[in-house]
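I have placed the structure first, in the form of C-alpha cells, so that the comments after it can refer back to it.
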Amino acid sequence: MNQEIIRQTPLWAENWPIAYAVVQAVVILLVVVLVAALMSFIERRLLAWWQDRYGPNRVGPGGMFQIVADMLKIMFKEDWTPKFADKLTFRLAPAVAMATAVLSFMVIPVSPALGVADMSIGLLFFMAMAGIAVYAVLFGGWSSNNKYSLLGGLRSAAQTISYEVFLGISLMGVVAIAGSFNLREIVEAQRDVWFIIPQFLGFLIFVVAGVAVTHRHPFDQPEAEQELAEGYHVEYGGMKWGMFFVAEYVNVVLISALIVTLFFGGWLAPFNLEIPFVPPVFWFVIKTAFFVMMFVLARGSLMRPRYDQVMNFGWKICLPLALVNLLVTGAVILMNQA
C-alpha cells in the first residue's frame, strides 16, 4: 500500500509535504461544499423526473443556473436574529453544523494518495464529529425561544443519539474483520472481497442509522413541515439557514462516501478490474453518486412514520440486529483463528 501511495504522489509533494497537505485539504473540502450545494438542484431535477414533473427549468439551459439564483437569493436576504433569541448560541448553531459536517471529510480516503488526514482512529473521529453535530440542532432549537424549534431540537437530539448507538455498533463488524479503525486499511482489506458480503446485515443497519442521523426523509421528524413548521431552524433565514441547508447535503455525501469506503471497496474497482487510464478516484465518485441518488429516491418514494415509531424501530429492531451482527462476526473470526 505504501508503495502505491508513493507512486501516485506528485514529485513536488516530497519536497513540500505541508503545502501538499494544505492543497489536498482545500481541494477536497471545496469540492465537497460545491457538490453539496449542487445537490439541491440535482435532487429537485431527479424528484421531478421520477414524479413526471418539469422541475426547475427556467434559469439557464435546462435550469442549470437555478442553484446560482438560489445562492444569490439567500446571500442577499436580511441576516436577521430574533429579539427574543439567545444571540450568541443562535449564531453559533449553524457554524457548528457546517464545521462538523465538513471536518468529518478529513478522514475519508478518496484514492490511495488523495485524502486530507490518514488517521489511525479515522472511524472514531467520524463518530466524535457526529456526536458534536447534535449540539448544532440543540443550540438552534433552544436559542430560538420558539416552541416548535425546541420540540424539533429535542426530537433531533433523542433521534441522533439513539441511532448513533446503532451506527457505531454496525461499524464494529467491519473493524473486527479489517483489524483497524483506519479507513485506508479498511479499504485495502477489501481487495479480495467487499465487506458488503460478510457484513450485509451491518450494511443495512448502517444505512438506516445513517439516514436517521442526517435527518433525511423518512427520518426527518426533527424538521417535519406538517408538524413542526421546519422544526429547529424555523427562526433562521438568509445565510444562517443556508449553512444548515448545505450542512445537511454535506452529511448526505459523507454518509454515502462512508458506505462506499466501509462496504463497497472505496476506490477499488469491481472484481479487481484493471482498466487503463481510469484513476481510482473515478470508482469512488461513481459509487458515492449512486448512494446519493438512493437518498434522493428515498425522499420521493417513502412516507414519514410517526416519531414514536422511529424510536421503537431503533431500539427494538436495529439495536438487537446490530448486536447479533457483532456477535456472529466475532464468533466467525474466533472460529477461523482456532
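Yeah, the Cβs are placed from backbone N, Cα and C, and that goes for glycine too.
Over in Swiss-Prot, the protein carries these features:
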- 22-42: transmembrane segment (TRANSMEM)
- 96-116: transmembrane segment (TRANSMEM)
- 121-141: transmembrane segment (TRANSMEM)
- 161-181: transmembrane segment (TRANSMEM)
- 193-213: transmembrane segment (TRANSMEM)
- 249-269: transmembrane segment (TRANSMEM)
- 277-297: transmembrane segment (TRANSMEM)
- 315-335: transmembrane segment (TRANSMEM)
**Message:** Would you say the transmembrane segment (96-116) and the transmembrane segment (193-213) are touching, if the rule is that at least three C-beta pairs must lie under 8 angstroms and be 6 or more residues apart?
**Reply:** no
**Asked** Which listed stretch (161-181, 249-269, 277-297, 315-335) has the most C-beta pairs under 8 A with the transmembrane segment (96-116)?
**Response** 249-269
**Asked** How about the transmembrane segment (315-335) and the transmembrane segment (249-269): do they have 3 or more C-beta pairs under 8 A, pairs 6 or more apart in sequence?
**Response** no
**Request:** Quickly jot the same-chain residues contacting the transmembrane segment (277-297) by Cβ under 8 Å, restricted to those at least six beyond its ends, or write none.
**Result:** 39, 42-43, 46-47, 50, 110-112, 114, 211, 216, 252-253, 255-257, 259-260, 264-270
